[in-house]
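Everything below concerns the one structure shown next.
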Amino acid sequence: MKQFSGWVLVSYALLAIVASTVSALYDGRPGARILLEPDESKIVYIVTLEGKPVVAEYDDLYNDVDEASNKKLKIDPASVSRTASRRTARNLWAQHFVVMTGIDRLSMDFCDVPHGRCIALLLFALLFKELCRFASGFCLLKQNESFRSMIKDSKQYAAKLKSNQDAFLQKNLKSGSYEKVHSFTHVTNAMCVEFSNRAQVEKIKSLAGVVRVEKDYMLVSSTTHTPQLLALSSAFGGWALSGGQQSAGENIVIGMVDTGINPGHPSFLDEDPNSYGPVPASYLGTCTVDDTFPQGSCNRKLVGARYFSDSASAYGILDPVMDFASPMDGNGHGTHTSAIAAGNADIQVTVEGITFGSMSGVAPRARVATYKCIYRYGGFLSDCVAAIDQEHILAPSRPGNYSVEERSSETKCTHDLGADGELNHTSDELEMSIDRSVAQAVQDGVNVISMSLGPPSPPGGVTYLSSLEIALLAAVKAGVVVVQSAGNAGSSPGTVTSFSPWVISVGAANTDRTYPVYLDLGDGTTVQGVSYTSGLPSTALISSADIVDPNFNSSLVATDCQDSSAFDASQVSGKILICFYSDNFEMGATFEQVAWTAASLNASGFVVVASNPDLYFPIYFDAMPFALPGVVIKDLASSTTVIDYYSNNPGTAAAAIRVPAAGNAEFKTINPVVADYSSRGPAPSNGDTMETADVLKPDIIAPGSQIWSAWTEAGVDLPNWVSSFATLSGTSMAAPHVSGVVALLKQKFPSWSVAAIHSAIVTTATLTGSDGTAIKAQDDSKRLSAATNFDMGGGFLNPTAAFNPGLIFDIVHQDYINFICSVKGVTPSMVLSITGTACNTTSASKPSDLNTPSITIAKLQGTRNVVRKLTSVGSISETYTTTISVPSGTSLTATPTTFTIAPGASVSVKFAIKTTSVQKSFKFGRITWTGNQGHRVSIPVSVVPFSLT
């Protein structure tokens, strides 16, 4: 069977995901800024029509062939115990011997015969391989001709779809009353159209042949210590299991969809001692260069870089100078997330002369490809979709397939680098490399998609049929693991903005690290605050409340210290200015402005305290450097201590700002705790009705608070960070931690499916904090309570355990299609038109039938039977025993409760879940399988016992 690569799907997903406009860098966070909003009067919709897209018309060519072989091949030979499974591994390789011509992979490690006979077999195999090459030459040429013919056919088919779209608009709308912005023909048969009025939209919705009309929606952007916190650097941690830090993530390409990248940062250089080998031949991306992103920006570490902004330019809201019309990061966010996932190891972090340790990415040897679709103002769906829909990269996803790449002559490809690291192959040369691609027979494109962004609210209609979710499903179909931040909308239920079961959705947790700064008061009392600052000897204090100009007139409270004109500078000069936190900090006031106000008044330093007990405590503040010594007192009791001392010592009050040691951190905080800003489940299955989905979200939590990582000095959104490093907080920071772990797992277990990796991460998660108790979650006022499944998903990321999960829950593409088909409001024709794959379900099919590593039922009526198929990825047979924590208001039984499973085998477990007492909200439980070889597999159960029948 001839087969196209999944790269079209992968690339589409990498860029189509940045749908519509991004209004702020941190969704739902205090201080989020909107630099420039798009024109809301624009009426822009994506219209999906009946008719198969290219990937559906050529469905057989785009399928991931491993879906078929995975049913037979469940053990990665590299992970098989030599002592117990040599014969199994040898037989598995034999299954693929002819197709893969994988004789080179045979070794004595997989021979269970004497070494002399094994060597003889290898010599014969090499001779046989050469004969195979000679005999297959003619066949390869014929297959190549056929492949080229199919490429030509697919182009013609795409042109036909585009022509049909044009004809549809011309027939139904008056000429000149609309503008077709883009056509999409590969992953979906759709077009982006700007209408002149909403009546046109309603008319289009009512026409035959229209499958879906979707309005552009906004997406918002949702480490010196975290590798240690995750035990990656331990003797038996993720790095050791990947061959050591020096090879962790080697040759895995992580595609970062974000604000671009700072290519000059040491986290992304390939110079000694971080030299890299050639760019993986499987990656055929491009590097777009200009004056701000010059030739040489891409290298063996940063293997690809693109940006997309045509629609933004057309709408007149892209400043090519401030926003950088290039992959250069003008914000900092993309640089930060990229380094968390895959930054070089042992990069020293120094800010304002203070050294905070050394920093490493989670997968420090993985390669990075950046796809910039977000700017200071935001980004548009049509730019990203059109860019990739026009980039026809058809290349092999597995051995035995064929590749060709069409590219503009203005771009270069990073398929091969010369000795100097410069790009060598032009698009014409790559076109000629098709025969080499046949021989290489490797997957083309990125291995992981990491996206720290999502919509501020669910898209309208069935969530899983939105452009974003279908694009991500296309990537997963191609064998690419997609990791997405869960959102930063806070602790209220249903705030999560990552929806689909084929995506790993990541919430944020704190770390155990703090950087204490102390304010030593003149009476000998000491209070602790937060800041990255230098110390200050004992200095007179002055309260902002005492020196407000009576003529000051502003909408801001003067004591917030947001406006220096409110004060008499002569009374502040040389003193520590006391400023007061108020609810204005939740509506625009910033700590940065406090520092600038103090500096402009010639103060020696500042202190921020709080006097209003009705505010949320502790104060939300991530430590950052300031223009002068300063400290933020986050709790009410310590603030009161400072205020009382000042009041009781009029005219003589003084204090010193003391930093214990430069860059000295304390590791005393109980962790992990789900951060207050981290969005929570459940997720909706329909953005219009907000009906709750039978899907667990988020899937996992990971470190997300005060994460050190790379930065760009060109970044403008956080002016205090003018160095090459910064600490940020958000699920944006949590997601790339998981992306890095995925890269390590992809490297270690290349035959594992996307679902297997997803499962390994969820089922092995940690469920207890550093204090030995169950993980806690913060609410919006920082109060703690036991974390639920919708707070933390499977639990806290545990990379070491994920390398040895014992059992996995596998899923193939048809399973995901069947899941969509079983969702309320979905018809088979809709699914076929949008995905190109037909439903294979019955009237009894339910979303909870999907073989996920969790069970979620939003409306349990009477009894529901749910089956989960578990597959062993262990090296020897193991006996598992089931224990169940039953959700209140239900009964939950498993059949069988005990089973023995051989390596590569599968067992189906049937669960009967019954309502015993009607409840109005979700109730939570957990199912755990404990193996006699030390494995522990755990999945969360979330149920609303809705009715007895």
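Quick reminder: no glycine exception, Cβ is built from N, Cα and C everywhere.
Annotations in TrEMBL come from automatic prediction, not curation.
Feature annotations, reproduced from TrEMBL:
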- 1-24: signal peptide (SIGNAL)
- 154-218: domain 'Inhibitor I9' (DOMAIN)
- 249-771: domain 'Peptidase S8/S53' (DOMAIN)
- Asp258: active site, charge relay system (ACT_SITE)
- His333: active site, charge relay system (ACT_SITE)
- Ser732: active site, charge relay system (ACT_SITE)
- 849-943: domain 'Subtilisin-like protease fibronectin type-III' (DOMAIN)
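Shown on the structure are the features that TrEMBL records.
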{"residue": "Asp258", "record": "active site, charge relay system", "CB count, 10 Å": "27"}
{"residue": "His333", "record": "active site, charge relay system", "CB count, 10 Å": "29"}
{"residue": "Ser732", "record": "active site, charge relay system", "CB count, 10 Å": "32"}
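Asp258 (active site, charge relay system) sits 7 Å from His333 (active site, charge relay system), taking the C-alpha atoms as the reference points.
Cα-Cα distance from His333 (active site, charge relay system) to Ser732 (active site, charge relay system): 8 Å (rounded to the nearest whole number).
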